[in-house]
Amino acid sequence: MEQPIPPYLFAFAVGELEFREVGPRTRVYAESADVEVLDAAEVEFAGAEEMIRQGEKLFGEYDWERFDLLVLPPSFPYGGMENPRMVFLTPTVIKGDASGGQVVAHELAHSWTGNLITNVNNEHFWLNEGFTTYAERRIVEVVQGADIATLNMGIGWRGLKDEMERFKDNLECTKLKNNQQGVDPDDVYSQVPYEKGFQFVLRIERQVGRTAFDEFLKKYIATFKFKSIDTDTFLEFLKANIPGIEKEINLELWTEGVGIPEDAYEPVSTIYTKIISLAEEFKQGKMPSEDEVAEWKGQEWELYLENLPKSCEPSQVIALDKRYRLAESKDYEVKVSFLQLAISSKCREYHGEVEKTLKTVGRIKYLRPLFNALAQSGGTEEKQLAKQVFAEARETYHPIAQGVVESILSKYI
């Protein structure tokens with residue numbers, strides 16, 4: 001490979017692998033022994049080439065020749081890793097309805113924002129992830145439709161608000177440009193650089209209009225291609241190419257201020273508003289009817305569950321699952337959101353499913369909330385379960401995931 005890359009993008013994958021061709025620039029790889037995963041991945045990621053083509057229309061030429069995908073074992077701690085030419089993926093993104101393609105869209109978007117233009121260090125991580133989250137949603141909007149992109153945005157909006165609560169005693173972590181001197185990045189990893197970063201990029205687009213912003217974005221990518229930059233460099237480029245932008249948007253508030261600025265954008269669409277309304281009705285004891293959820297896929301359920309109360313009566317949890325079988329969902333976004341609710345509601349009938357899940361997946365996105373729920377909001381029985389499961393599953397987790405769980409348990413138990 002001739003293209004220069006930063007060291008964090010350099011990775012090896014060693015194993016007995018097989019592949020399927022899913023496009024002229026894309027193969028899907030998985031372990032030879034796991035044919036079912038490979039077959040499912042072939043179907044799930046069949047739209048990769050269309051995503052690449054749409055990305056090129058939006059952001060310029062794809063400079064990496066290949067866009068291959070490797071589905072790793074369940075111990076892989078992340079949803080995806082944007083290694084150039086071969087993206088690493090967790091098997092949990094294979095959901096059976098092609099919605100896992102949104103993770104692929106995110107890793108593809110890194111081909112322009114993150115891999116071509118890279119943050120100079122982790123204090124400017126939003127330059128990688130905020131722009132990439134924006135680019136991902138632009139690709140999804142074209143390929144899967146505006147409603148899906150808006151649902152994606154809505155889930156992100158809820159996640160951002162949750163992070164504000166998480167860091168209410170450590171407001172430095174709610175800034176885009178933040179001081180990480182002496183800080184382990186894994187300890188403060190969050191959705192802030194992704195979702196607040198996205199909101200900042202979207203705020204600029206909303207100010208100047210999409211057509212003008214698309215021209216700016218292509219120029220930005222072309223100017224800093226194969227370079228590392230910091231926040232100040234970006235802001236200087238922004239002000240030079242969109243004169244007067246600093247008079248319309250408080251740039252310093254966005255990049256160095258705490259919390260969510262008042263001019264952030266909460267997504268609006270018919271389906272988004274309906275789901276939020278149904279979540280509100282749950283607080284009065286009303287569940288959605290089967291007709292109301294007939295067309296729902298994983299994203300709709302995820303948005304619904306994320307907007308329910310943090311806890312409720314155990315009988316409500318059981319009734320919701322009895323009707324919709326959420327604990328059995330093959331979509332881990334749905335399953336884990338539901339199990340969080342069950343734990344927080346002291347609904348101990350689901351401890352077996354919680355244990356099974358924690359012993360099946362190693363993705364930090366799922367380990368963190370489940371162990372947090374057990375250790376932080378649970379009682380003696382939940383805390384004991386957390387310790388027992390971690391002791392039994394620890395060696396199946398990636399070292400980074402082990403560290404995350406150990407940090408949670410040492411803090412709350």
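Every residue gets a Cβ built from N, Cα and C, even glycine.
According to TrEMBL, the features are:
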- H106, H110, E129: Zn(2+) binding site (BINDING)
- E107: active site, proton acceptor (ACT_SITE)
- Y194: active site, proton donor (ACT_SITE)
- 270-409: domain 'Peptidase M1 leukotriene A4 hydrolase/aminopeptidase C-terminal' (DOMAIN)
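On the structure: features taken from TrEMBL.
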residue : record                    : DSSP (3 states)
H106    : Zn(2+) binding site       : helix
E129    : Zn(2+) binding site       : helix
Y194    : active site, proton donor : helix
| task | Write down the Cα-Cα distance for the residue listed as 'active site, proton acceptor' and the residue listed as 'active site, proton donor', rounded and given in Å. | result | 13
| request: Take the C-alpha atoms of E129 (Zn(2+) binding site) and the residue listed as 'active site, proton acceptor' and report the distance between them in angstrom, rounded. | output: 10
| Of the residues in the domain 'Peptidase M1 leukotriene A4 hydrolase/aminopeptidase C-terminal' (270-409), how many are helix, strand and coil by DSSP? | 102 helix, 0 strand, 38 coil
| field | Cβ atoms near H110 (Zn(2+) binding site) (within 10 Å, other residues, all chains) | value | 24
| note | All chains considered, the count of other Cβ atoms within 10 Å of the Cβ of H106 (Zn(2+) binding site) is 24
